[in-house]
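Straight from TrEMBL, the features:
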type: DOMAIN; residues: 3-143; note: domain 'Aspartate/ornithine carbamoyltransferase carbamoyl-P binding'
type: BINDING; residues: Ser52, Thr53, Arg54, Thr55, Gln79, Arg103, His130, Pro131, Cys132, Gln133, Cys261, Leu262, Arg289; note: carbamoyl phosphate binding site
type: DOMAIN; residues: 150-299; note: domain 'Aspartate/ornithine carbamoyltransferase Asp/Orn-binding'
type: BINDING; residues: Asn161, Asp221, Ser225, Met226; note: L-ornithine binding site
Amino acid sequence: MKKDFISITDLSCEEYDDILTLAARLKRQRYAGVPHPLLAGKTLAMIFEKASTRTRISFDVGMYDLGGYALYLNSRDTQLGRGETIADTARVMSRYVHGAIMRTYKHETITEFAKYASIPVINALSDKEHPCQIMADSLTLKEKFGDLNGLRIAWIGDGNNVCNSLIMASVQTGMEIAVATPKGYEPDPAAIRFAQENGGKVVEYDDPKKAVADAHAIYTDTWISMGEEDIKDMKLKDFNGFCLDMPLLKRAAPDAIVLHCLPAHRGEEITDEVIDSMQSGVWDQAENRLHAQKAVLVRLMGQNL
Ligand code: CP
Ligand code: NVA
């Protein structure tokens, strides 16, 4: 495997599959109370520029489950906040810890850190991608449908970081991603190009109704990503008609599941009725962050077990 997991494209098909298989095994072991200290003695630095509930807790608990130790570092409280360079911080941290996760505004902050770090670096969300989220979502879909290949996933709303990673994962998974966004909020063209040039399947619509037709899962996310608070009013207007509500959900297959990476902004991108419905897979999705990330940590920081 590559040293780092910064983009979903860092994984080959085989590595992607192997991580999902290991995640399922670690999930069974946790449920059965079987200890699995695969990262005993290992430490993980968790560097956050932005807020987090799921990512922070699941990595922290995941390291504990694996017999290791995680330390939370708010970048404002480290010398990064006073101007120490990313490169110097990466060099120093590599002398203390065995791996790092980073949640940053700019994707390039993570790639810069990884360039100077001798330890594995994991993207815990940037403006461009959220690859750990997509590993958890893939596990969730695999549990529900058995096989990812041939599934159609409708993405409704903002063509954001989560959407970009999902689109590029169509290469490893064989899933078709049907994206419906308002004009001007399309996914990163580089993500679409990557998928198209590497055998992935992505179809773009401006009408959510077309995207959800025949979908096995309908995925949405906030319209206002972290860092976009100042354009909230404009985006709320621009996304009118893109709410995942019951009439839209009813256009998908009856056994289609609803995905949302959370946190949800109920009443904006998704209604209470949909997120609380029997078709909602969002709590499994949130739980699977833990199992999928533990598998990523073991593969990047552990022995090959
Ligand atoms: N889905 C996700 O990354 O959630 P947090 O922002 O709470 O970590
Ligand atoms: N697109 C959202 C995802 C939050 C987990 C954001 O970047 O804020």
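Backbone N, Cα and C define each Cβ position, glycine as well.
The structure, with features from TrEMBL marked on it.
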residue	record	CB count, 10 Å
Ser52	carbamoyl phosphate binding site	17
Arg54	carbamoyl phosphate binding site	19
Gln79	carbamoyl phosphate binding site	12
His130	carbamoyl phosphate binding site	27
Cys132	carbamoyl phosphate binding site	25
Asn161	L-ornithine binding site	25
Ser225	L-ornithine binding site	17
Met226	L-ornithine binding site	16
Cys261	carbamoyl phosphate binding site	26
Arg289	carbamoyl phosphate binding site	25
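Among the binding-site residues Gln79, Asn161, Asp221, Ser225, Met226, Arg289, the residues whose Cβ lies under 6 Å from any atom of ligand 2 are, in sequence order, Asn161, Asp221, Ser225, Met226.
Around the Cβ of Asp221 (L-ornithine binding site), the number of neighbouring Cβ atoms within 10 Å comes to 26.
For the domain 'Aspartate/ornithine carbamoyltransferase carbamoyl-P binding' (3-143), the model's average pLDDT works out to 98. Proximity of the binding-site residues (Ser52, Arg54, Cys132, Asn161, Cys261, Arg289) to ligand 1: a Cβ under 6 Å from the molecule is found for Ser52, Arg54, Cys261. Checked against Ser225 (L-ornithine binding site), the binding-site residues Arg54, Gln79, His130 differ in C-alpha distance, with His130 being the nearest. With helix defined as DSSP H, G or I and strand as E or B, the domain 'Aspartate/ornithine carbamoyltransferase carbamoyl-P binding' (3-143) counts 70 helix, 21 strand, 50 coil. Counting residue by residue with DSSP, the domain 'Aspartate/ornithine carbamoyltransferase Asp/Orn-binding' (150-299) contains 63 helix, 27 strand, 60 coil. Between the CA atoms of Arg54 (carbamoyl phosphate binding site) and Asn161 (L-ornithine binding site) there is a gap of 16 Å, rounded to the nearest whole number.
Among the binding-site residues Ser52, His130, Cys132, the ones whose Cα sits within 10 Å of the Cα of Asn161 (L-ornithine binding site) are His130. Taking the C-alpha positions, the distance from His130 (carbamoyl phosphate binding site) to Met226 (L-ornithine binding site) comes to 13 Å. Counting only the Cα atoms, the space from Cys132 (carbamoyl phosphate binding site) to Asp221 (L-ornithine binding site) is about 15 angstrom. Separation of the C-alpha atoms of Gln79 (carbamoyl phosphate binding site) and Met226 (L-ornithine binding site): 23 Å, rounded to the nearest whole number. For the pair Met226 (L-ornithine binding site) and Ser52 (carbamoyl phosphate binding site), the Cα-Cα distance reads 10 Å.
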